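*Asks:* Take this structure, written in structure tokens, and hold onto it; I'll ask about it next.
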Amino acid sequence: MELGRKLYIRSLVNVAGEPLSYFWPMRNFVYHNPLHELEGEHFSKAIKEGEEIFKGRAFLRRKDYIDFLNKGLIKEEKLLNSLKENVNLEGAPLTYEDLLRLIKDEKLKVYENTYLIREADTDLVEKLKGFFSENPKEVMENLFSEFGKKYTIADFVDLFFGESVNRTVNELLIKLSLDFLDEGQSVVEMPRRKEGFFRAFRELAKYNLRFIIRGGRELGELMESFEEPEEAIDNILKSYGIPEELWERYITLELAKLKGIAGYIKWRSHNKHYYFQRVYPSDLVEFLAVRLILEKGILEHRKKVYPFEPTYENFKRFFEEKIEEAFLTYEYATKRVPAELSSQVRENLKNAESFINTYLSRKAHINASNFALFLKDWLGERVKELSKEELKKVLEIYGEFQEKEGFIWLEALEDSLIERLTEGVLRANQEKEKPKAQALFCIDVRSERYRRNLEKIGNYETYGIAGFFGVPMAFVEIHKGHEEFLCPVLIKPRNVVLEIPKEMKEEYEVTHLLEHILHDLKQNVLTPYVTVEAIGFLFGFDFIGKTFMPYSYSKLKEKLLESKENVDYIINKPSREEVKELVNRVYETILKRVFEHEYGIKNPEKPLLEETLKVCLGETDYSERLELYGFKGEKQREFIERLRKVYKVDRGYWNILFERLSKLGFTLDEQASLIGRALKMVGLTEFAPFVFIIGHGSKSDNNPYESALDCGACGGASGLYNAIVFCRMANNPEVRKRIKEKFGINIPENTYFVPGLHNTTTDEVHFYDLEQFPQEVKEKLKEIKEDFDKASMLTASERYKELFDEEAEDELRKIYKVVENAYDWSQVRPEWGLSGNYAFVIGRRELTKHLNLEGKVFLHSYDYRVDRRGFLLEVILSGPAIVGQWINMEYYFSTTDNEVYGSGSKVYHNVVGRFGVISGNFSDLRTGLPTQTVYKEGKPLHIPARLIILLEAPYEFALSVINRVYAIRNLIQNEWVNFVIFDPESKKFYRYKKGSWNELKTEVKDG
């Protein structure tokens, strides 16, 4: 295959894969909008695209919205306004009250394809009958026009031949994909995985009975005929005769049939550093090629039983020349046939031409009768007075109403929520008292409850900030041996923090410490793998315990794990000279091992090691000292070449180690910038004696979605380490000095930053890293901890009602039950997570401090008065606000269609490959949130509304910043979020809706 064509196919597949969202490994669940790649489109257009590509619903059922209406979440006046905005009744014999009555009655609808149990008015049926007549030719033309947009060859084969090609392909491809993508769960490894997905498939399919039985000889021959995946894609699509202009969308449809696995492969292929991607490469091109080969092979194997060869032109000819048969088959397969005609249609599929007129007439009569009964129920006796033209208009209005009903409900819900929030903000009390202590919490909605209860107990001032606290870092927890990115997925951290045993840090400087970790190289069998990876584990290679685990280090680790009090952290960055010295020492240690174990040179002198390293690194051409040990001339050159190739002692690997170690820690200037910027962003410039930095995490047993309950701003991990590192930096006198110089923020000597963790499953808060404080400070912290414990009890008691359907007067019983939830391995719902989230407030705490937001609002502290140029607001709008929208959309779509966009019931979940879950023994990867997270007793607990972002800032200032941030501007203009600006100087609200900013009239109502 020529290179140009190959590159074209590859780029075509990558573009076609754009609508598919990433799926991250479950151990670091990352909230995302399932339609994230469609955010460049308006929300209303994107959800239609999602329906066509993924077959997913974007709105709830009417009865669910009616339930919201009855609970007061939706106000009737907002529902009426939404009807007026979305449905034009000009010239129709209807009122908006008629539509309101219709939308409020769950049973008031046309019951299509059901047996008639009542007699419809004959005259009315006759008037309506003509509106329900169908033209089979037009129906089939419209259907074929959607080929490549909504349907594939396999879809048409299943639809018109009564086959199950898609299911068969999915079964084979799911098993193949999960075996290939396995990350250590499977006992037997799939052969030839290292050669990539396509070649591993070709090898396996030769001998595997599943492929032989389903695809027969034809699949084997087809598979052998293609050496490259691009060649397979090109040839198979051409063999179907599909016009090339349809290929891009056609490929999208094929990939979307297993959107979970395809999304995971897409994520892996875009993250080349990911260990399993490096070792077992795969991409969408290979995945698509395998899918098309399986599909084509099965079609070839079954070709003899088909009425014609399934190609683009043959289906077109079938629709044109056998209209009646095609039409009736389509009607029957898609369940468009009225129930009472179903058996007759089945019997007459091969006699379609003579039966078609009878069918069309009877179907029109049945549908007209159904609609007549519906009109009678809706409009009463006045329907009899309507003329034929008026009935036609009513039918048109009803069609428009059906198309827009979900959007009508959504806008009414959002308008109601916005009114409730803005009314509450207007009641804000701006008075402030000198606080006893201050606390920074994550913006997570679950923090709102705790903050409110803590403020209620005592004079505490709380702030909200993204839960990585403005400190993006890769963190190496000692018992894991590999790095975690503790920051939003939008950010790739440049600095690494290392957790180590305290006794090691006390004994060694940084350089000596890291060398000590590698000390046991002398005691281990040397391999090329170990030489490179020996230090790599600090920065992302997960091999500790698998390949290289020195005994003394292992014992230190065991001791460390007994208590987190025995740990310390490398936060300060070593100098470049220190890093250079360390890398040289590592390589000298390796060289020493080589001399001793392979050449019998005991205790080689340091000058020999240094000179040998210089030659290996190309700093000198030859070593006379090596000659003294018998390495002369050609023998020396061969020796050096061996060191470079086998033991990786060369400039390239030296540079890699140097680069990785250079990422360790933060300079003092970096620390001052991070802490100063975070404090200024939330408006914290005057300090109480204690400032608590409270990260959050969750605790639940037997829960593959545990990371979905942790901190999204920390990449699905706990926020504890970010809190600890933040406090270590903020408590450093040298850092404080630089903060004062750079930001003008003076942190008093007697102010202490204390890290803590809020367990959102139990609502307990614990303080950490207390050994660094004097004894008198620890005593004061004990008193404050009592207040935090009281806040924990109040918050747990508040959450009890949502978690359990029972009443309990005993407060201790409530708290016990909530805590017990975390440790019950059979519990499918340890907590509600972020269910119910609907708003994101950016502003001072005084705006919402008086409100009970029920743990459903993100709260990000921000004071526009200290941000004259809007740079801090830019950071919030381009980071935390975007992550908030991702979370909101994950919950939104997991609620509107839990089977397609969510992950179904946890009861049927099985962990596969250590990276994902499937339902039962066979399904695509489940990508969204489980039913138990968003539903309670069959009803949605989450409120699926687009995120309401409320910003406190002067109107013109806010607009200028919004216009500078493309990501948020795009979401606003395409109406993926509802954006409201509260101008505190004019006390006015402004909202973006339907293409423009307008003042939002809000007033405080009595009660």
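Note: Cβ is positioned from N, Cα and C throughout, glycine not excepted.
Below are the features listed in Swiss-Prot for this protein:
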- Cys442, Asp444, His696, Cys711: Zn(2+) binding site (BINDING)
*Asks:* CB neighbours of Asp444 (Zn(2+) binding site) within 10 A?
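*Replies:* Result for Asp444 (Zn(2+) binding site): 28 other Cβ atoms within 10 Å.
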*Asks:* Just to be sure I understand the packing, how many Cβ atoms besides its own are within 10 Å of the Cβ of Cys442 (Zn(2+) binding site)?
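*Replies:* Taking all protein chains shown, Cys442 (Zn(2+) binding site) has 29 Cβ neighbours within 10 Å.
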*Asks:* Under 8 Å Cβ-Cβ from Cys711 (Zn(2+) binding site), six or more apart in the same chain: what's there?
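*Replies:* Sequence-distant Cβ neighbours: Cys442, Asp444, Gly467, Phe468, Gly695, His696, Gly697, Ala717, Ser718, Gly719.
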*Asks:* Determine which residues of this chain, when Cys442, Asp444, His696, Cys711 are set aside, have a Cβ within 8 Å of the centroid of the Zn(2+) site's Cβ atoms, and list them as they appear in the sequence.
*Replies:* Phe441, Ile443, Arg446, Ser447, Gly467, Gly695, Gly697, Asp710, Gly712, Ala713, Cys714, Gly719, His758, Thr760
*Asks:* Work out the three-state DSSP category of His696 (Zn(2+) binding site).
*Replies:* strand
